[in-house]
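Undergrad: Take a look at this one; I'll ask things after.
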């Protein structure tokens with residue numbers, strides 16, 4: 001991955017992209033700190049807040065990288081570790097933003113029944129809606145490619161989250177964050193239900209990952225039409241996805 005891939009845009013100058021990322025980083029960090037102060041350790045139970053943490057880290061990292069490499073030639077290559085980190089965070093946060101919003105709308109009725117506190121509702125709704133908005137803006141402004149194999153990054157992150165929830169429940173007796181996790185996790189009592197939940201979730205996450213991947217292809221095609229074939233090919237020459245997805 002080159003500097004041109006991550007730090008420039010077809011639609012806006014580099015400095016505008018940097019300003020947008022700094023604003024998103026500041027906003028997401030503010031909400032993250034606010035929720036941490038209110039939720040304490042409960043913050044780390046939910047996929048939404050973990051996804052929000054990933055988005056915060058992504059925008060902070062991209063802001064810092066943009067500043068550090070502000071004078072670098074566009075053909076400068078990022079270190080392998082940094083390139084992989086950018087690709088991992090970009091891929092997972094794009095897909096998780098859609099996943100957590102879907103979960104939110106599915107559980108909205110239960111949320112409204114459990115509380116009428118406007119401040120609490122704001123805190124609950126903001127990460128679910130704002131994360132998708134911010135990542136959609138990032139997707140359309142950046143030139144970062146979204147390889148089909150990046151779906152593996154999303155499935156890996158979901159697996160790690162599920163493992164964390166399982167360890168928290170059976171290692172530290174911390175309740176499941178979502179009701180359906182009881183059926184998903186208790187494979188000893190309800191093996192059929194557990195397997196069905198696993199298959200359903202894998203299918204849902206894969207479909208959502210494919211939707212984001214398809215959207216990135218539409219973005220690339222529209223950008224090619226907007227700037228012209230020659231300029232697009234010249235600018236995106238560095239964006240050819242290598243076998244290592246970097």
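Glycine is treated like the rest: Cβ placed from N, Cα and C.
Pasting the relevant annotations from TrEMBL:
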TRANSMEM  12-34  transmembrane segment
TRANSMEM  46-69  transmembrane segment
TRANSMEM  81-108  transmembrane segment
TRANSMEM  120-141  transmembrane segment
TRANSMEM  148-167  transmembrane segment
TRANSMEM  194-214  transmembrane segment
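Mind running through what each feature is packed against?
TA: Long-range neighbours of the transmembrane segment (12-34) within the same chain, counting only residues 6 or more positions beyond its ends whose Cβ lies under 8 Å from a Cβ of the stretch, are 49, 52-53, 55-56, 59-60, 62-63, 66-67, 70, 123, 126-127, 130-131, 134, 137-138, 141-142.
Same-chain residues lying 6+ beyond the ends of the transmembrane segment (148-167) with a Cβ under 8 Å from its Cβ atoms: 45, 47, 50, 54, 87-88, 91-92, 95-96, 176-177, 181, 184-185, 201-202, 205-206, 209-210, 213, 245.
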Undergrad: Mind checking which residues reach the transmembrane segment (46-69)? Cβ under 8 Å, same chain, six or more beyond either end.
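TA: Residues packing against the transmembrane segment (46-69) from afar: 3, 6-7, 14, 17-18, 21-22, 24-25, 28-29, 31-32, 35, 39, 76, 78, 82, 85-86, 89-90, 92-93, 96-97, 99-100, 103-104, 127-128, 131, 134-135, 138, 157, 161, 177.
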